[in-house]
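See below for the structure under consideration.
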Amino acid sequence: MNYDHILIRYGEMALKGKNIKQFIIKLQENIQQKIKHFEGVKVKRTQGRMFVLLNGNEPEPIIEKLKNVFGIHSLSIAIRVENTEEQIKEGALYALKREANAKTFKVTVKRISKDFPIPSQQMNQILGGHLLANTNDITVNVHEPDVEVRVEIRKEATYITSGTIRCRGGLPVGTSGKSLLLLSGGIDSPVAGFLAMKRGVQLEAIHFHSPPFTSERAKQKVLDLTQTLTKYGKSIKVHIVPFTKLQQEIFREMPNDYAMTIMRRMMFRISERICEQEEILSLTTGENLGQVASQTMQSMHTINEVTNYPIIRPLISMDKQEVIEVSQEIGTYETSIQPYEDCCTIFVPKSPKTKPKREKVNYYESHHDFTPTMEETINGIETVKITDKTVIDQSFKDLL
Amino acid sequence: MIYLDNSATTQPKEEVIQSFQLASSQFFANPSSIHPLGGRVEKLLRTAKQQAAETLGVRSEEIIFTSGGTEGNNTAIKGIALEHGQRGKHIITTEAEHPSIYDTCTSLENLGYRITFLPVDENGLVSVKQVEEAIEPDTILITMMYVNNEIGAIQPIEAIGTMLKKHPKVFFHVDAVQALGKVPLKLTGSGIDLCTFSGHKIHGLKGTGMLFVEKTTTLFPLMHGGNQEYGVRSGTENVAGAVSFVKALRLVMEQYKQNIQHLTHLNEVLRKGLSELKDIVIHSSSNGAPHIINFSVLGVKPEVMIHTLSEKEIYISTKSACSSKELDESRILIACGKSREEAISGLRVSFSYDNTVAEVELFLKELHNAIKQYKEALG
């Protein structure tokens, strides 16, 4: 006896109306994409459920991948047996014994196919008795069991599951349109990207790079962070903006205390251009309220003036510690804390305005025409596509 | 030359040496240096770690590169003991351990820890029940080897790991040095919190190895310093060593997948041949790891056998290489309940995937001749 498939449940998605089919098909696609390198594995849809047929593969590595697919609420490994009393008994015992921690259990039989001669209630008793007789130190508790052995007798076969593994929930990536993530390399922005993806958003990313003041490693760090994010969704395009010249011009031409605010406005303007080009309808940032000078209400008000694109700010109300916890959990923390300067940390005014005003910024900006440099900057954007496959650098190939 | 001492060390593969050489000469910068050269080296190291993680089905951050098995075992055992000693001071291990576990545990006794050395049966095995019964409220660690280095016994690691899910506060450390690439190994979801590997047992280089540390497991570091390897093992990383280890790991796992029957076959040929010779007792169980067979030639001093065979350029060993200079009996064989005569005369043959049936047959023939020669000389 062996586990031969994984049963997938989707939570929130099931609440959708007529368009539910689109969500389910997207989820199936995303799952297929994530586990395609396991040989012979198939993803099937049936009424209200999805199955991954293991075809001889070990379930654990596949579960590890599935856990990160948004849209899956929970999953269970299951056994498929023939519709005979003996087979079902054997399967139920196998499923129960796998749960080493369990002290109490209950059996729930659902007889979906009435061709099976024994009614559900009677089958419950038969299986309960069989499990008690063949195990030690484990008793029945129908109200709060440690493990519920679920038996579904369907027309074609009987499916038996025990434990349930909670997954991330959310909506399948790609069902909520695209957003452009402003990715700095710090702790916050990757977490913001992750949370946006959880709501079904497909990401592209934009990074402002200031060579030679910021290093290749800072850029690599952003590409590595993007790669980690692809674990939770699809491949992600990263637009790398050569920001040095424009940044220098801002700091040269604008009053020092307003330079940071104006720099942020430029970032939004450039981001919006990428959105137009790539048909993206929103921006996502790691902004939080009250964390740094650019994240006060007044700052956001002033910076936001230059775009009318919706800005998704998933971290807006989170504590720093909460953000750190998520970043550790999703695997971006270790990369984020690598200590390389980025464009936001090298040009820092001594005392940035924490309460900048729209009128003043507009007044300062009107004194200098940034257009030529801005156009030059946009023309210099380099775009890299990052996939979830670990691409081994060619020069490392002989080494590993 | 017929080399049958692969549990002591294996011959490094050409590709592994090349990888070491290339990494040493071209990627020599310090991975912590901030300049681009350092960046390249850091990236190489990270890629190596990722590849190792993928090969073993774990996370990158769960891998610590070490100098080998002894360091891995020390880091794990002392690391858990010192970090979690507040919670309890009881450690469980077995009587059949390699000195790097056995002596590490003994050393902790001086610091106030209590060690339970579980007895093993005639095949060198502990049972899940024994382990569970030994657990006390202040037990913090269970540490044992997966495959015994002298006799090849395979401990029921998977079953112990499953049982331990009922005791979530007890850490489980497994020394998989002799198991890697020879028997099935599953780390994720197995209940194993720490697992030791060594490079030179898998055709890598001496001084290389790896410790798996499950992500929620915290250790007191043996070495403090620059916080390399997540602070668990400070000191500038041995990048070339790590990279060459990962290469060896990949190669041995490929061989395991494609060729494990070959080892099993060699084992069968040797067993059959030995059972046809007179005065030989095989100590290794046929359920053990395929690459290790331990036996005694009754009435013949083992050292004599080794030297006689060496003249024909056939290399085997007595018990484990790490302790073969000691004159006494094998602690492992005694633990398995063997007589003293058997315990002082154990010989070990250990295979790699590169050994052939012809080599095994030649070995059997020369062993037979050597025994005959010895007995004739003694009259």
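Quick reminder: no glycine exception, Cβ is built from N, Cα and C everywhere.
Going through A:Gly169, A:Gly170, A:Gly286 against Swiss-Prot, the one listed in the ATP site together with A:Leu182, A:Leu183, A:His207, A:Phe208, A:Arg264, A:Gln295 turns out to be A:Gly286. In the domain 'THUMP' (A:60-164), helix, strand and coil residues by DSSP number 34 helix, 29 strand, 42 coil. In sequence order, the binding-site residues from A:Leu182, A:His207, A:Phe208, A:Arg264, A:Gly286, A:Gln295 that place a Cβ under 8 angstroms from a chain B Cβ amount to none. The predicted model assigns the domain 'THUMP' (A:60-164) a mean pLDDT of 90. Most other Cβ atoms within 10 A: among the binding-site residues A:Leu182, A:His207, A:Gln295, that distinction falls to A:His207. Less than 8 angstroms from the CB of A:Arg264 (ATP binding site) sit A:Ser294, A:Ser299, A:Ile303, each of them six or more residues away in the same chain.
The binding-site residues A:Leu183, A:Phe208, A:Gly286 differ in how many other CB atoms lie within 10 Å of their CB, and the one with the most is A:Leu183. Largest CA to CA distance in the ATP binding set (A:Leu182, A:Leu183, A:His207, A:Phe208, A:Arg264, A:Gly286, A:Gln295): 19 Å, whole number.
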